[in-house]
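Enquirer: Features from Swiss-Prot:
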type	residues	note
BINDING	Thr231, Ser232, Glu233, Glu285, Thr384	L-serine binding site
BINDING	Arg262, Arg263, Glu264, Val278, Glu349, Leu350, Thr351, Ser352	ATP binding site
Amino acid sequence: MLDIQFIREHTDIVKESQRKRGESVELVDEVLSSDTARREALKAFEEARAQQKEIGKKVASAPADEKAKLIAETKELSQKVSEYKSKADSAAEEYTTAMWKLSNIVEPEAPEGGEDDYVVVKKVGQIRDFAAEGFEPKDHLTLGTGVAGIDMRRGVKVGGSRFYFLRGQVARMQIAMLTMAVDQAEEHGFTLAITPTLVRPEVMRGTGFLNSHADEIYRLREPDDQYLVGTSEVALAGMHENEILDLGNGPLRYCGWSSCYRREAGAAGKDTSGIIRVHQFDKVEMFVYAKQEDSYKEHEHLLAMEQEMLAKVEVPYRIIDTAAGDLGSSAARKFDCEAWVPTQGRYRELTSTSNCTEYQARRLNIRERMEDGGTRPVSTLNGTLATTRWLVAIMENHQQKDGSIEIPQAMRAYMGGKEVIEPTKWEA
């Protein structure tokens, strides 16, 4: 949610942000109109109620010949107060509905355009020349099946399309990767949290995921109304809902480990083979509560954390500055780290980090205590440190001619010193 005072004073900035996102500019006028109607209705209600109370005080001490008249006026005002209250409530509801539709204000530095209009910030690592090595690279599913590590057939049998089993050393590789991510986060002062994967509608709504991404989310309606999270960002944001935080000693930094669920609505025909686009996966997510003036520095820190982790798994990658039209409603700016996938001949997203400024905090009523005793909304930021999809890039970039997979040096200590995952015969 945005600050209504900012919208009133900087209407052009908010409209320009909506335009850059490709969203409704007229919605800003709707918000301002409903704000005016809300304030006028509230003023009328409060004036009528004050008048009602004033007359009520006079009734007790009024002469007998005036009491009947005052009582009649009180009854008439009581009806008006009730009507004004109803109008004020209705106006407030319309205002809130309009306000919650508005997306966060895009940072001026974010590129204009849509999904394909990102700006490449930098590229890191050398892309392998498999032709020079004398063999054609195998895709991650072929490799995973060959080492008895990915079982799509039985995953589909059990859960339906886009489900899978990770087995044996590939399952161990995922655990190693996630554990390595947690260790790195803790070394940088993050607190580990195993988070709920079911959340209340108020929390999901507060994080902004029910705006443009509602069709991606699994909802359990009966007998409870809850949502399955697509990232532990949701639970970590809701953890301090309706709280006043002490950020005097610096930001609060968490890393959440959770299973995640996504419907992948609209993904028909995309990445139907393997584990790039699936309904269930595991992820370590960083989440930060910071002072407003510290959010940009924290965003840089999260991006640096992601790069440190990518260096450990030794895959070529690039960083892109996501265009405004491709941002989620909560994000003011977002950077993606995309790894090179040899068999696809292109970069694929592995991580993203977003600065949500005060947008989520206003919706979830999360504030910080100021030195003067007052409060103000905090900034929230998030960034992925490791997830199941990373296995795709690791396996394909570290494959050997015989179908084995070399384990990145930094991960070997997490896999009992194992250096290579060898092909295995099994009933796939």
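For all residues, glycine too, the Cβ spot is worked out from N, Cα and C.
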Enquirer: Would you give the longest CA-CA distance, in whole angstrom, between residues of Arg262, Arg263, Glu264, Val278, Glu349, Leu350, Thr351, Ser352, the set recorded as binding ATP?
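Expert: Between the outermost Cα atoms of Arg262, Arg263, Glu264, Val278, Glu349, Leu350, Thr351, Ser352, the distance is 19 Å.
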Enquirer: By CA distance, which of the binding-site residues (Thr231, Glu233, Glu285, Thr384) lies nearest to Arg263 (ATP binding site)?
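Expert: Spatially nearest to Arg263 (ATP binding site) by Cα position is Thr231.
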Enquirer: To the nearest whole angstrom, state the Cα distance for the pair Arg262 (ATP binding site) and Glu233 (L-serine binding site).
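Expert: Distance (Cα to Cα, whole Å): 14 Å.
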Enquirer: Using DSSP and three states only, what is Arg263 (ATP binding site)?
Expert: coil
Enquirer: How far is it from Thr351 (ATP binding site) to Thr231 (L-serine binding site), counting Cα to Cα, in Å?
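Expert: Taking the Cα atoms only, Thr351 (ATP binding site) lies 12 Å from Thr231 (L-serine binding site).
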Enquirer: Rounding to the nearest whole angstrom, report the longest C-alpha distance spanning Thr231, Ser232, Glu233, Glu285, Thr384, listed for L-serine.
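Expert: The two farthest binding residues have Cα atoms 10 Å apart.
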Enquirer: From the Cα of Glu285 (L-serine binding site) across to the Cα of Glu349 (ATP binding site), what is the distance in angstrom?
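Expert: Cα-Cα distance, Glu349 (ATP binding site) to Glu285 (L-serine binding site): 15 Å.
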Enquirer: Name them in sequence order: residues not among Thr231, Ser232, Glu233, Glu285, Thr384 whose Cβ is within 8 Å of the mean position of the Cβ atoms defining the L-serine site.
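Expert: Along the chain, the qualifying residues are Val234, Leu236, Gly256, Ser258, Cys260, Lys283, Val284, Met286, Phe287, Asn382.
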Enquirer: May I ask which residues of the same chain, at least 6 positions away in sequence, place their Cβ under 8 angstroms from the Cβ of Ser232 (L-serine binding site)?
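Expert: Listed in sequence order: Ala193, Thr195, Gly256, Trp257, Ser258, Cys260, Lys283, Glu285, Phe287.
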Enquirer: For Val278 (ATP binding site), which of the three DSSP-derived states applies: helix, strand, or coil?
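Expert: Reduced to three states, the DSSP call for Val278 (ATP binding site) is coil.
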Enquirer: Restricting the comparison to the binding-site residues Thr231, Glu233, Thr384, which residue's C-alpha is spatially nearest the C-alpha of Leu350 (ATP binding site)?
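Expert: The smallest Cα gap between Leu350 (ATP binding site) and any of the binding-site residues is with Thr384.
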Enquirer: Around Glu233 (L-serine binding site), how many other C-beta atoms are within 10 angstroms of its C-beta?
Expert: 29
Enquirer: Among the binding-site residues listed here (Thr231, Glu233, Thr384), which has the Cα closest to the Cα of Glu264 (ATP binding site)?
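Expert: Nearest by Cα distance to Glu264 (ATP binding site): Thr231.
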